[in-house]
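*Asks:* So that we are looking at the same thing, I have put the structure below in structure tokens.
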Amino acid sequence: MTNNTTADAGINLGVNLGLDIGLESIISSTVGSLKRYAEPSLNTINPHGYIFQFHGTPGTNKCHQSASQFRKAANTLNLDWKERQAFHRLFNGMSINVDCYETLQKLGSLPMVKAIWPNEVRKKLQFADQPNIEAPPLSTTTNRKGNLETAHRYTGVERLRQKYGLTGKGVKIGIIDTGVDYNHPYLGACWKTPNCPFQYGYDFVGDQYDFNKGIPPSPGPLPLDTCDGHGTHIAGIVAANGSLFTGVAPGATLGVYRVISCATGGQTTDDILLKAMEMAQRDGMDIINMSFGGPTAWTENALAVAASELVKRGIIVTSSLGNSGVDGLFTSLSPAVGEGVMGVGAFEIETISFLALNVVSEIGSDTMAVTMSPTSLPFSYNKDVPIVWATSDQDSSGEGCAPLDKDKVAGNIVFALRGNCTFVEKANFAQDAGAVGLLIGNTQESSVTPTGDRSVNIRMGIISLNDTAIMKEYLKSNHTYLSTEQRVITYPDTSVGKMSFFSPYGPDPELRTTPAFAAPGSQILSTYPLALGGFRTLFGTSMSAPYAAAIMALTLEANKKWGLDIEELKSMVQQQSTLVLNPDTNRPVSVLWQGSGKSNVTNLMESNVLACPGSLHLNYTMPREKVKLNIALKNIFGNKNVVYQLDHIAADSISAFLPNGSYTSDTYVDQKRSTSASINFRPGDHVGIIKPKTEKNISLTITPPATLTPDGRWFYSGYIVVNTYSIPSNRRNKNTIHIPYSGYLGDYRQYPIMDPLDKTFPILAYNDADKVVEGNSYAIDNTNTIDVALRLITPTRLLKIQLMHKNNNTFAGYLSRGYSKYLGRNMRVDGVPLYRTAVNGTVFNDPENPLLHILQPGAYYVQIDALRPGSDPITSTNYQTWKSPSFVISSVNLTNSTETISQTKDIPAFNE
């Protein structure tokens, strides 16, 4: 199609004008103004479609009528659109594809449409593989247990199972993930047979589904995981039953809903997830675990709405928070931040376990830890495999960096020392010579994970410096081989009891506390598809969320003792948690990192008091402002009075800003002074007696820490401690629960959204290279642009990036991606480090009708407005504003042909 467009004429939104701006791929969720949320953030149509929400309550006849009415009205308009999925049970709406923005706009204007969202892409959340550890092993034999057993002792799960026989029996747990290898012997090696743990499930995608290539789903009844392993690993944490380890709730009934194929790199779309959530609800799941997330921290998206609807219907929903803890505050992701959803952080347990190599030679044998390449299968073979040197020059650090002798190498595992060329180059040389594996000997004390590549099809891993010395001695004998005997090696975790470095921080953008609590999630050995080796060690909140889900299954099974509702059960588990201490301050780490603390259900069955609400959200408070709150303490003992005594423990106050005012992605903790809030209880409430099945209402006042000032932008927190004893008083039946609170000191509406404006960002650069200089002239065409980069350090409801006329400071138009709603913050992990756009010669004026217009040459500057928290978008002073140096656009020369223009690289409208 040819478009003879002239200056100031509208350009069809289906094209992309010069947005390939050079640094890293721009991947961002941007939702805008049409029917509340959808907007063409890149001035292109979202290739994954849009989710339309209709008026009417899900699960009712009116819900079905809304969909029918929409189809009829849309077809009457004679528009080019295609239905993807329809939703009725949890969410009243459907997902659709459209050909252009005009179609989206017309469909969105139909009266039954309530809201529209881009059909976002979500990804599984975990890190893979263990570090290369030099510490001596605790155990290296097959008759020792994996570290899930250690986790069960640490969290009290072992006691619940041994003393009370709790296994999760009668509780249904839904796992929405990559499917499961139900042929695994630790998972029953069964599917829907009597006494099989797997009684429900469905495959929504098939193996080849790839939304990036337009390959449609191939649904089917068997959610078999053969190519990924994420879901199988999760299922093992929940309900494995084997000699090396057992899951938390091996008696639970499982439903498995496969939403990720073999072809999408661990990603799926919201509409597939919504269908899975609806089926899990239809199948009667009591608990649903979702170990995926992104791309935003807001609850205003279709997935979070559906997750909250599950909670409203009495289903416990656990979700991973992400793995961006190194980026500091505001790193928790949706749907974990959904209302009522249990977002789960991760902490370190006592040990690290993983499968190890059993190397045998004529002069001895040894168990060696191996760090695998992320793309490698484990070193698991159905027969003993010889290990040979890569070259005869055994002392050369460069061995394995040239073509190898096929007669010597073929069918064997190649051993090569680290150095002189890349890991992938070594692997390719070994692979080309017919080797079945590459084992690299570390020549340094520092640990390393070998770089992987999809071109490498053989096993690849690295052993420690100590094991390298042993291997070199073994290879002096005539025969050294890798035995088929499977071994587990277990090391002490020196960070035991601490929060995992990757565990995200809260709060959510509206200051609600996340996480709910933390569970074991670091270096967990669990089941893996048999085709991929059978077992693997993974870490991430993808591992801690199912652990929490299974703990909730044990609690549901035990609930016949108390008869509590779902929200009370969730509060009970959270309040039983153990606090994580900061060794530098001797205070608990912030509530915004650990929530209620480390999961610990050791004394769950002896619980006698429940506090409601389970946590206290103070929002923002000014210095010396007193916040009055009420807590109800409920005696859940059947026939005993309970004595209670209240106390208070202050946690670390944290900030994203150093004392000099500069931003830091590492949370800052003041270690030199007390940052404790002041807690005052109503006279007579500090100590008391609660009769059986009655409640005691407690009034208290919290005053922010007097030692802190608003200019430090502090988040303070702590715990109300309730110590209880049953009567007759017996110190041995003491039980302690913790009620977390958190707040912000100062006016949160003034909290910065963008990186401090006197620092590096925002920045303008011509062709991503030369920083824009005040008054300089620049020519714009299809390949030459002025690139704009900024960093959002806080989520924002609205970001506006505008081009302004220099001479009269009037509005010239929005840049591409220049009117975006409900954005998460920029992150180095699980996100995008910078928010990017460009002055590319076009702008649009109306977010409701964003037709592109070609710019006229002239003097301009860029103005960025980021809406501050809790503020209305109408008042200009409610924005954090940045203005660029002014510059001159000397010429704008864009190809008029739509076909030519559309050849420029598109930027995907989603977060990876």
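Positions of Cβ are set from backbone N, Cα and C atoms, glycine also.
Copying in the features that TrEMBL gives for the protein in this structure:
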ACT_SITE  Asp177  active site, charge relay system
ACT_SITE  His230  active site, charge relay system
ACT_SITE  Ser542  active site, charge relay system
DOMAIN    168-577  domain 'Peptidase S8/S53'
DOMAIN    397-451  domain 'PA'
*Asks:* Please report the Cα separation of Asp177 (active site, charge relay system) and His230 (active site, charge relay system) in Å, rounded to an integer.
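*Replies:* With distance taken Cα to Cα, His230 (active site, charge relay system) is 7 Å from Asp177 (active site, charge relay system).
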*Asks:* Within 10 Å of the Cβ of His230 (active site, charge relay system), how many other Cβ atoms can you find? Include all protein chains, please.
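*Replies:* So the Cβ neighbour count for His230 (active site, charge relay system) comes to 27.
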*Asks:* Can you check how the pLDDT averages out over the domain 'PA' (397-451)?
*Replies:* 90
*Asks:* Around the Cβ of Asp177 (active site, charge relay system), how many other Cβ atoms lie within 10 Å? Please give the count over every shown protein chain.
*Replies:* 30
*Asks:* Going by DSSP, is Asp177 (active site, charge relay system) sitting in a helix, a strand, or coil?
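*Replies:* DSSP assigns Asp177 (active site, charge relay system) to strand.
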*Asks:* Cα of His230 (active site, charge relay system) to Cα of Ser542 (active site, charge relay system): how many Å, rounded?
*Replies:* 8
*Asks:* Measure from the Cβ of Ser542 (active site, charge relay system) and count the other Cβ atoms within 10 Å, all protein chains considered.
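*Replies:* Taking all protein chains shown, Ser542 (active site, charge relay system) has 32 Cβ neighbours within 10 Å.
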*Asks:* By DSSP assignment, list the helix, strand and coil residue numbers for the domain 'PA' (397-451), in that order.
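*Replies:* Once the DSSP states are binned, the domain 'PA' (397-451) shows 14 helix, 10 strand, 31 coil.
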*Asks:* Which secondary structure state does DSSP assign to His230 (active site, charge relay system), in the simple three-class scheme?
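*Replies:* His230 (active site, charge relay system) sits in a helix per DSSP.
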